[in-house]
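As structure tokens, the structure follows; a few thoughts come after it.
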């Protein structure tokens, strides 16, 4: 539903978003009115103290003001609960009710001041209970007024100029948005959106130096965000409702799907290297990928013993002269504890962190006879800016035919590490110590994407290198580079992890599906959100409301929807009807990017919802990049990305020790199946 238009501008909430805040305030106001009425009845309308006339007027006036506010809130809650997300007709009176409610803040403010004056001047002669009640009423009034101001600031939309109404009178396909006036409006709106997003990024990253590289990153990210949100008129609650509906819809499809067949061997894997061998190698490398996060991950995984162990190493920080950007030595000490390596096994360790420059270390892994390069994942605002620099950058590789391009931010991070390893002679130093060792590169999340691109850059110089990429970003490589990397890169994805499915085309697809599903749902938004919260917390059967996937509406869904069109402010190449997913326009909206290498998908074996103390069983299957072309909505979509969760799952797959613990428990393995 488009944002509500009141006071001459559009706001970041819709007319059906007032049910929950209105009901909460209504509950508070009713209790307040009852308490005031009890006070008035107890004294029978006669207060025996100084300033009794002022107090009597205050209490009577407060009862009247509260009664009017309660009536206005009842009307707002009732009307806001009517209709559906796209059918706002039954809620057309909401702006008038909002104006009425806003007017009632004036007498409330006056009465709060009157009560404060009485307490300060005449309250000493009254009984303490009465004075306390008046003070509580005055304080409550000011608190509510304060939270109202904060709420207004929170829902304020900097792009809140009302949308032009003339264009909404015609169907989407025949709107004259190609006219000079329409083109100028869209161009101005997009420029304003980019400026607003750039200002938000500057405010969010105010602690970072505002140099040229950061300004360029802010600009490119702002253009990405401004372009992504510029063709829809959604408010955050619409997105939340759409995600709740999509989660239940995806669960229904998953329950009706036939069981997958487990593949023991990857079609692209060398002969003799089966699934179990790859899992053992992956579990070993994941220890280094997790260790690259330094002390935050070590403390998180060892809450009781971690701080004590690291504090004992502070006195030795001066010994670690090869460590950059680790003043107290905590990062390097945690790496020593996590990997079990000795100080002499490390060739180079750097915790230098800037945009497009991420920490990494090079060590000798004697157990696997490898020179191991581990790249850290996202752990700072600078890393987030690297992640969000998601436009494509050319990456020509000798011997690779086809279009070669990759994620810009990660590509530049890989180039930074490549120059360090090659130009500074770090790899030459490592192989001079252990010439018979092979090169292995690993990382998690941002580090996984960087490790994959680094492996591609080093492949021609080190033909036997291997890369283990854990939870890499989905929008990483072109198809040609993804196919090229299958000979030496293994990507490990846990469950419904969001990041390996995160790319600009997938986000456009998610936006399109949200538009579809909220447009076809016949329930009011408050019911969608309540049922969605219940489903997330307690499970149950997925809701069987009318949605985009129902067979009974398949024919209707092949046609454009008026409700859908009301959520679009301009025709977008990213938006097509559900029946046109394969249309050239939809495919050409953004350059496709894929996961690197062969993909090993680790999932929980059994029902998606289980008891906290039940045994966790995992299974591992070879998958392909096309299985990650859609974002899955799940409570586990972020938890499955955490490095400790990935490490725990891999350890459980390579061990036979049964444990009966919650999946959030750290440093334990569970019984597994492959």
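Just so it is clear, glycine is given a Cβ too, placed from its N, Cα and C backbone atoms.
Those TrEMBL annotations? Automatic predictions, nothing curated.
The transmembrane segment annotation in TrEMBL falls on one of the ranges 131-156, 157-182, namely 131-156.
From the options 98-119, 186-207, the stretch TrEMBL describes as transmembrane segment is 98-119. With a cut-off of 8 Å between Cβ atoms, the residues of this chain six or more beyond the transmembrane segment (20-42) that come close are 59-60, 62-63, 66-67, 69-70, 73-74, 76-77, 80, 130, 133, 137, 140, 144, 151, 526, 529.
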